[in-house]
Amino acid sequence: DAKHLVPNKMRDFFCTINLDQEEVFRTQVVEKSLSPYFGEEFYFEIPRTFQWLSFYIYDKSVLQKDLRIGKVSIKKEDLCNYTGKENWFMLQPVDSNSEVQGKVHLELKLNELITDNGSVCQQLVVHIKECHGLPLINGQNCDPYATVSLVGPSRNDQKKTKVKKKTSNPQFNETFYFEVTRSSSYTKKSQFQVEEEDIEKLEVRVDLWNNGNLVQDIFLGEIKVPVKVLRNDSFQAWYLLQPRENGNKSSKTDDLGSLRLNICYTEDSVLPSEYYASLRNLLLKSSDVQPISASAGYILSEVCRDKYDAVLPLVRLLLHHHKLVPFVAAVAELDLKDTQEANTIFRGNSLATRCVDEMMKIVGKHYLKVTLKPVIDEICESLKPCEIDPIKLKEGDNVEINMENLRYYVDKVFREIVRSSISCPTLMCDVFYSLRHLAAKRFPNDPHVQYSAVSSFVFLRFFAVAVVSPHTFHLRPHHPDAQTSRTLTLISKAIQTLGSWGSLTKSKLSSFKETFMCEFFKTFQEEKFTESVKKFLDDVSSTESKEPSGLSEPVHLKEGEMYKRAQGRTRIGKKNFKKRWFCLTSREFTYHKQQDKEPIFTIPIKNILAVEKLDESSFNKKNMFQVLHGEKPLYIQANNCVEASEWIEALCRVTRCNQKRLNFYHPSAFLNGNWLCCKATIENTVGCARCTADVPADTQIEIDGDREAERIYSLFTINMSKLQKLEEACGSIAVYQGPRKEPDDYSNFTIEDSVATFHTLKQIIDIVEKLNESHEKYQKKRSSSAKYGSE
């Protein structure tokens with residue numbers, strides 16, 4: 001959220017997330033506010049190197065260009081200082097002199113020349129080779145050029161490269177010569193003094209600019225290299241472009257407002273699979289350990305400050321190796337031991353509830369799409385008013401009509417949910433089956449508890465959450481507007497209430513905070529709703545096999561808007577780029593003129609031969625990739641680097657097992673009668689570059705087990721002091737047959753069996769120490785091959 005934004009009047013604001021200058025996500029627009037609350041969460045892989053993670057606040061405009069109010073920029077090296085906690089950041093002004101990204105490749109050399117008259121001078125040779133990753137200007141590749149200057153106290157010699165058109169990766173390959181010292185008589189003493197005096201104060205400065213033609217040129221970044229570091233040596237390196245020194249300085253920074261962020265940034269070096277064998281085996285045996293609190297999986301959640309940090313990699317690893325269901329059952333049983341009232345079952349944020357939540361998000365994606373997407377689309381596109389709160393009614397609204405609209409939507413969403421049990425993933429059913437029977441065993445005298453154990457997850461934590469935030473679960477491509485968000489919130493409240501076992505009784509209705517919701521639910525007091533919920537919960541918590549008809553449906557994997565190059569199948573067909581809606585299922589890859597329209601081009605998954613990145617030089621466009629199939633390659637441009645990476649990964653996963661996959665491909669396009677990469681003139685010639693390595697073939701659950709193991713190792717490493725403290729506590733309990741008078745060091749830990757817990761802790765610490773050694777060897781090898789000034 002943000003507060004005290006300028007201008008000091010109610011406006012419509014949104015926020016974007018940028019890697020350097022590239023926008024990768026944006027929030028919904030918050031209307032008429034000075035302190036907008038966004039409340040949104042974005043999780044993404046970073047597919048490229050970057051310098052800054054930035055957040056821009058925009059003032060939304062209908063007729064004009066959106067106005068950038070201010071920004072928060074955090075250097076990559078500083079992200080670890082803010083990770084895992086909320087911080088308020090003062091907004092900084094958006095200054096063109098500070099908006100930089102990319103790098104430049106330079107070669108510098110200092111020569112000593114003897115002139116015709118016998119005098120000596122120093123000559124500086126600057127070879128500017130190329131730049132990489134320059135920003136887009138107004139959504140297009142820039143027209144860059146560079147100025148190369150030799151700057152000192154009393155001199156500023158400047159030279160300029162040629163302008164390169166429409167590229168973010170210009171190849172300059174130009175050399176410039178500068179006289180460093182004034183000519184002097186050929187004596188070592190005078191030459192030495194002049195050289196030292198001048199070189200100490202001289203620096204090479206390279207400025208990158210976008211050629212504005214008829215408008216002002218735009219600054220893209222600069223680098224400075226002191227001449228004194230060269231001496232008589234040749235030196236070349238990549239340099240990251242920097243903002244101008246005065247780029248961020250302003251006297252008005254306090255007036256722009258502030259932005260609150262909670263950032264969690266992780267960077268892991270994943271070693272080969274065999275290094276994680278011991279850690280992986282220890283974690284996979286967690287469900288077999290008695291008691292479960294002595295297992296490696298449970299201990300991981302105990303030592304992490306935020307349980308979510310532990311749950312995400314743990315659930316993914318156990319899912320990957322088919323060990324999640326017994327682990328969830330074991331931790332749920334421990335959870336139930338501390339539950340005294342049946343009506344509070346699984347309501348807290350325990351390890352068990354977090355594991356089930358994460359499991360549903362991962363394996364329930366397709367289930368949500370086939371169940372809710374059609375009705376969510378109808379709600380978002382029909383825009384029927386549904387406000388029933390008298391205080392929030394707009395002028396001219398009819399509360400009775402609004403209530404009818406809301407009732408229609410609630411009925412429809414509810415009907416879709418209770419009819420969807422056939423589509424519920426088997427893994428979810430297995431987990432619900434375990435929870436149901438554990439609850440009945442814990443509260444044998446309560447006939448309803450077995451249902452509330454399941455409904456607390458599937459209704460309250462799954463369907464109701466997806467209804468209120470459809471964009472988070474990829475049910476909608478964009479954020480709903482304010483009125484639709486309010487409608488979805490009211491529907492979500494209704495679904496929570498209808499799904500809560502026994503919630504339609506009068507005693508439950510009287511507990512509503514809002515009187516208008518109480519009145520609304522009086523129309524729902526019918527036996528059929530309770531019976532429908534009961535039958536649905538019976539179905540989704542059953543281990544009986546389902547009808548095969550549901551399994552033949554294609555799995556929906558990804559969809560979104562991108563640009564594709566026209567196939568040019570006719571002689572007069574213009575080969576331009578057009579915006580299209582793309583859809584990937586486990587059966588086919590299609591694009592459409594608009595969302596929900598019939599496909600205008602279809603590629604069966606079995607026909608895809610390769611999916612690879614496309615060189616930017618092909619069409620002077622960033623974030624491009626190619627889908628190779630029976631016909632000509634399909635060239636696609638994604639909206640940003642994150643989106644491109646996600647599409648390539650999804651397409652690679654679903655096509656990995658295709659029998660006719662290519663081993664070689666062309667990194668560039670076939671244009672004007674030849675391949676740009678290898679200059680071959682035959683269009684169907686074999687590719688000149690080897691296809692990228694295969695990726696795990698699991699289309700529904702995209703999990704890299706080694707990566708999750710590395711993340712868990714990192715968490716154990718960060719919390720090593722807690723592991724050691726817990727180990728000491730177990731030793732103390734074992735020796736003294738119970739806690740001593742000073743239990744503070746381990747009073748927050750669950751220690752049911754000190755001997756078993758001690759044994760597991762010793763194994764964890766030994767494994768972490770061995771992995772530490774492997775990582776140290778890797779880092780030494782990496783640092784020994786690194787060069788100053790390189791990436």
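Even glycines carry a Cβ here, placed using N, Cα and C.
Features of the protein shown, as given by TrEMBL:
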- 1-89: domain 'C2' (DOMAIN)
- 100-240: domain 'C2' (DOMAIN)
- 306-500: domain 'Ras-GAP' (DOMAIN)
- 555-656: domain 'PH' (DOMAIN)
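Helix, strand and coil counts from DSSP across the domain 'C2' (1-89) read 7 helix, 43 strand, 39 coil. Here the domain 'PH' (555-656) has, by DSSP, the following mix of helix, strand and coil residues: 21 helix, 43 strand, 38 coil. Across the domain 'C2' (100-240), DSSP assigns 15 helix, 76 strand, 50 coil.
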